[in-house]
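TrEMBL has this to say about the protein:
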{"type": "DOMAIN", "residues": "35-109", "note": "domain 'Cation-transporting P-type ATPase N-terminal'"}
{"type": "TRANSMEM", "residues": "93-110", "note": "transmembrane segment"}
{"type": "TRANSMEM", "residues": "116-133", "note": "transmembrane segment"}
{"type": "TRANSMEM", "residues": "279-299", "note": "transmembrane segment"}
{"type": "TRANSMEM", "residues": "305-330", "note": "transmembrane segment"}
Amino acid sequence: ASLIPTPNKNSQLVKDTVVAPEGGGVTDMWVSGREGGGLPWEEVARLLHTDPKLGLPSREVLTRRQLVGFNEFSETEDDPLWKKYLGQFKEPLILLLLASAFVSLCMAQFDDAVVITLAIVIVATVAFIQELRTDKAIEELKKQVPATCMCLRDGHVREYQARELVPGDIVHLAIGDRIPADMRLFEALDLTIDESSFTGETEPASKHCGIISTSTYGTSGSIGNIAYMGTFVRTGRGKGIVISTGEKSQFGELFRMMQEEEAPRTPLQKNMDELAKKLSIFSFGFIGVVFLLGLYQGIPMHKIFNIAVSLAVAAIPEGLPIVVTMTLCLGIRRMALRSALVKGLHTVETLGCVTTVCSDKTGTLTKNEMTVTNIVTSEGDECHVTGVGYSADGQVIFDGGFSELANEAVTKLLEAGAVCNNALIVNGQLQGQPTEGAFLLQPSSMVFTM
């Protein structure tokens, strides 16, 4: 049986709890951030039957995972390939071309029917192949870098995949770690977390392990003793108890809201829909005018119909969808050469309609890197440092006079800056504050010039 407790009548912490028919456990258990933040972390640990010093036993982890599932989002199943292909024919202009091809076939105008049908097949096939390639590329990217975290189980801290976490797991956080699930913090040492994905604030949020009163909750939804899934650690380190996973987390709620939203039609699609509507009205109106003129002149009915439909079909530009599709495919290929994947054809056209981009500077338009350019020692010696970014290809250059202790003073200063530092540089990427990262890379040499 699972060790997850059933809530008593005095507790409102455990939501969506269903007792199994045999009475052998609880099939679903979650603690929200607002509820966990208002309790001492010891109480949260007691409710989840976990030991912050030892973590959960591996056997208990398997039991809980069977009850609550993996720490991931249940995405909708992909449609089969045949259904995706047929979905390319739902555009209004394509439907209008199909109708004109059918009419041409019924009137024994086989040449027109074949040409129109071939145009439709080309458009649908090209769009289908392009979107299929993009889907496969995105799936490969998802498989390349599985999210991991440092988790305490059976008294040992090891690296586990984030999808394997369950409520009650003890997770250790360090600089640069991405939070794998919603957690109630019980240890925070100079811990700040970037929550811009939720709050929009560029400044990292300072975290602690104390109790938060419900009256002090901010309007942004951020809670000082809760670490949210999808955010990442900017500075410090900490430990937390997993309280919500998957779709029950704060990030899961946002994901569910996004899944419920339907993608709006792009400007090009709206224009094509409007064109198809106008062509339909024009075609039916033209047929009506030709019918009236034919009846007035006494032309036989079947000839009038043949002439009217032929002229209406000729007015529909069957080559337009081919030109549009090929142009969009060329745009996708050009973006792919610049390492940008575009899932839908019409997204390229939407990007082309952008006239103004509103963006913050640091970390978006710039690299969010800081570099030491000038050094002043306690002896009064001044020098400047060459090089840009997190590269060791730089020099300390003294221009003019300098004391006998200049070399030693600069060395000691750089050593102090590197030792009294919480940042790390891994594979050229900074983990920590940019200010501290600027002290980590030591220049390759010193040059003394008079």
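Each Cβ is built from the backbone N, Cα and C atoms, and glycine gets one as well.
Automatic prediction, not curation, is the source of TrEMBL annotations.
Source: prediction; values computed, not measured.
Here the transmembrane segment (116-133) has Cβ contacts under 8 Å with residues 81, 84-85, 88-89, 94, 97-98, 100-101, 104, 313, 318-319, 321-322, 325-326, 329, 332, 343-345 of the same chain, all six or more residues outside its ends. Confidence in the domain 'Cation-transporting P-type ATPase N-terminal' (35-109), given as mean pLDDT, stands at 82. Through the fold, the transmembrane segment (93-110) approaches residues 116-117, 119-120, 123-124, 272-273, 275-276, 279-280, 306, 309-310, 312-313, 316, 318, 320-321 of its own chain, all at least 6 residues removed from its boundaries and within a Cβ separation under 8 Å. Within the chain carrying the transmembrane segment (305-330), a Cβ under 8 angstroms from the stretch's Cβ atoms is held by residues 91, 93-94, 96-97, 100, 103-104, 107, 109, 112, 115-116, 119-120, 122-123, 126-127, 130, 268, 272, 275, 279, 282-284, 286-287, 290-291, 294, 345-346, 348-349, all 6 or more beyond its ends. With DSSP classes pooled into helix, strand and coil, the tally for the domain 'Cation-transporting P-type ATPase N-terminal' (35-109) is 45 helix, 1 strand, 29 coil.
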